[in-house]
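Pulled from Swiss-Prot, these are the features on record:
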BINDING   Cys58, Cys61, Cys81, Cys84  Zn(2+) 2 binding site
COILED    438-464  coiled coil
MOD_RES   Met1  N-acetylmethionine
MOD_RES   Ser229  phosphoserine
MOD_RES   Ser230  phosphoserine
ZN_FING   39-85  zinc finger
Amino acid sequence: MNTGGRLIAGSHNRNEFVLINADESARIRSVEELSGQTCQICGDEIELSVDGESFVACNECAFPVCRPCYEYERREGNQSCPQCKTRYKRIKGSPRVEGDEEDDGIDDLDFEFDYSRSGLESETFSRRNSEFDLASAPPGSQIPLLTYGEEDVEISSDSHALIVSPSPGHIHRVHQPHFPDPAAHPRPMVPQKDLAVYGYGSVAWKDRMEEWKRKQNEKYQVVKHDGDSSLGDGDDADIPMMDEGRQPLSRKVPIKSSKINPYRMLIVLRLVILGLFFHYRILHPVNDAYALWLISVICEIWFAVSWVLDQFPKWYPIERETYLDRLSLRYEKEGKPSELAGVDVFVSTVDPMKEPPLITANTVLSILAVDYPVDRVACYVSDDGAAMLTFEALSETAEFARKWVPFCKKYTIEPRAPEWYFCHKMDYLKNKVHPAFVRERRAMKRDYEEFKVKINALVATAQKVPEEGWTMQDGTPWPGNNVRDHPGMIQVFLGNNGVRDVENNELPRLVYVSREKRPGFDHHKKAGAMNSLIRVSGVLSNAPYLLNVDCDHYINNSKALREAMCFMMDPQSGKKICYVQFPQRFDGIDKSDRYSNRNVVFFDINMKGLDGLQGPIYVGTGCVFRRQALYGFDAPKKKKTKRMTCNCWPKWCLFCCGLRKNRKSKTTDKKKKNREASKQIHALENIEEGTKGTNDAAKSPEAAQLKLEKKFGQSPVFVASAGMENGGLARNASPASLLREAIQVISCGYEDKTEWGKEIGWIYGSVTEDILTGFKMHSHGWRSVYCTPKIPAFKGSAPINLSDRLHQVLRWALGSVEIFLSRHCPIWYGYGGGLKWLERLSYINSVVYPWTSIPLLVYCSLPAICLLTGKFIVPEISNYASILFMALFGSIAVTGILEMQWGKVGIDDWWRNEQFWVIGGVSAHLFALFQGLLKVLAGVETNFTVTSKAADDGEFSELYIFKWTSLLIPPTTLLIINVIGVIVGISDAISNGYDSWGPLFGRLFFAFWVILHLYPFLKGLLGKQDRMPTIILVWSILLASILTLLWVRVNPFVAKGGPILEICGLDCL
């Protein structure tokens, strides 16, 4: 091999050799070798450099790239060579970009800003090596006009895309908008901008921009098939990306190392401190209060385990960014139908009296007006209460949508829920330039007020239900007069029936669904309603993606669906994503957020941590699903590339490693075959239990159809739609036949002997079906994504007061207890699947946390007991113990501060979350634990009422009202007991004196810790507006008094030995 006296270098990671020059004058390749080559990105010929030599972009591999592509890649791309991935260095005559070294080309600063002296005019303005002297050109001379790097002979001299100044000193150019008058004189808009930016597609004419992109796509296809084989196939991640349309639609943004590394180190340090703390606590018991010490140590160990389960899933938090412009470039091409995937939106409601129809109507209107192709959106409203009020309100909503939807899209209104748009105090004229906007906004506001009056009239009419029930306009009875016994109902209000808006544009589909209900059937509450919507939508529209929102969660960001599609439709990473979860944001909450309704710590810290693992858990609303994932299919397996071997190891070492690798691969293949065989056997057993000859049956089409029907149900239309990964319907299906099939799939007995609720759809078995559903999908190897756009995608209404908030938390905790006591418990379910171990820890924490209520209740009672008895849970504290306690409390505080820093959470939100953790733990979690045990073990059913979402006229009129509920008694009792203990402890110290104030300080600090966490109750006791109901106060004081007197009477922690006063009398003194 003739090396020409140069050094040869290579690597096992690159399939190439690099020739290193022996002296500075030598080049990697000569000018003769590179002359005449074409750019491997755009296909144009490579021009000469400033020095008159052939342009070489990469000094490592000399991959042929022209200067405009090189500068575009450095300015807009990843700034690296497409072949060897080496970062491009700045070449003489090219503009600087962020990341260039300070001394890089310092001798070229003049040429960087003055192109007239560098001889760069020809290659900047002409990609075909056409040379002309710009400085000497007369004002009236014909200058070749360029469109995105190519000459366009059809453009007249009066319609210049680039304006060149005749002065020899410098060159001006303009990013000119398209003027309708060709005689209009263009002028520079940004004279300081670098002229080179126009060499690679920065002219603002949209039609030419699209034409240029089309030509670039064609050139790219030629290069991809006929060019260098090292570029790989179309799915390879190493393919060079020429424009934004081929770049990823989203990217991960890890937390800065300056924030996350100290946080991780502190977690490890806190683990060490915890170990030393428990070592001290266990080896130093309190002899005169052994029971108190033992109980406290048990509680502390449980708290430590709970902290580990909560902490480690936050080890690798990340954030994400989306690129909506790239999504449009890739899937929305001008002159062609949109290629964005369809989305079926599910809205669920039950009781229109507690979930006002006006709130549901606003949610539906925000969905119909979403910024997405109308033929790709369908809204399905599930009315599980079969209320005629909901039906009529939805009919009025469909009529008003004909005016509201075109108004929103014409003026880009945000948010697109009219109630919140008109009530928000904001500058609605900002960025509005249309002269008719103010007039049309006033008219639209008047129309919406009339719409509200109609809805209010319907609500008032529905208050008085006729004895014989409601009837339709033609006199036929309303099918849903009996809520528990009625047929299935489907009504298509908008969509394919020809109803258009006032501007004659098509509207998204709007479908009313009320599934069949009969006595004796288990309808599985919300999970059953959602599964009915899956089947109905699969028959009528069959979009590949589903969005689930509650009736009070409207779309606050009209581009929310596009945000989700940036993840779902990403060709590189989208195939393995089962759902995109958005955070919950709320309206109608005061600034202090006294009851932690926003739940900021969970959504901005915990969920970001889970996103760095296998993805966030499903929280029940604001989630875009992949339909195939809900159907119980496994995630696509990623093919592992073979590892490269290195020649630097001895042969005997490679031989040993190869033997171990072969053994491991054989074992893995054997296990894989066994698993596949067991799956096939299990599938055949499910198809035909107790029969023989299953091998023959499995080969027949009838057996395959039987298997699908056993899984999805007895609907051939729906079974056929389930096999379409990209959605769509049969071409020969008529709307009438599809409607009949949709009625069938929402019948009561459709799910019998199928896998609905077990392996398909929303999973049954818990009132928190959201946790189970997400857990099932993660167990199948799918991953989820947490999307937090700058403008919140969805907003909803939070519980009005503390009582409703506690009932909401009670429902969540009861669902966790049900999952813990079921076969789907993450402690023992799903091993051998695709669930990662840190993700499993998060699911274990989500079902274990209600059990913390028992040690928390006991631990919050200990301060009062210590103050009443004069005992304490720790012995006399030494210097070592003092340092240990201070280190523990300090690590807890600093961990919280660092979490707030990288999670961007305020101190107020963090403290409210800590308060409500104690309040909910000693009230709702405790009740949920006992109700869950009764429900699972004894079969005692618990009925939950829907949380009221109606608001009064006052902004926060009911926010702090304490309504009667037994959930308020335990925390109030704890508060009173600790206040009594503080009073008794201080009084005893003043009366009798203390040898050491240290023990008293420790007990008082312990008691005040509990009182501060229960402060909202204390404010309810003392405040006027927030006063607690008298019955709760009476019961709490009575219970606290009984417990205090009983404790003083029993006094179990006082030694029983010693003199007895009745025997020795006064001589004992």
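Keep in mind that glycine also has a Cβ here, set from the backbone N, Cα and C atoms.
Annotated features, which come from Swiss-Prot, shown on the structure.
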{"residue": "Cys58", "record": "Zn(2+) 2 binding site", "Cβ within 10 Å": "21"}
{"residue": "Cys61", "record": "Zn(2+) 2 binding site", "Cβ within 10 Å": "20"}
{"residue": "Cys81", "record": "Zn(2+) 2 binding site", "Cβ within 10 Å": "21"}
{"residue": "Cys84", "record": "Zn(2+) 2 binding site", "Cβ within 10 Å": "17"}
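Note on the coiled coil (438-464): mean pLDDT across this stretch is 92. Packing against the coiled coil (438-464) from elsewhere in the chain are residues 352, 356-358, 361, 387-389, 392-393, 396, 400, 403-404, 407, 411, 418, 422, 428-429: each is 6 or more residues past its ends and has a CB under 8 Å from a CB in it. The residues near the Zn(2+) 2 site, meaning same-chain residues not in Cys58, Cys61, Cys81, Cys84 whose C-beta sits within 8 angstroms of the mean position of the site's C-beta atoms, are Ala57, Asn59, Glu60, Ala62, Phe63, Pro82, Gln83, Lys85, Thr86, in sequence order.
The DSSP breakdown of the zinc finger (39-85) into helical (H, G, I), extended (E, B) and coil residues amounts to 10 helix, 4 strand, 33 coil.
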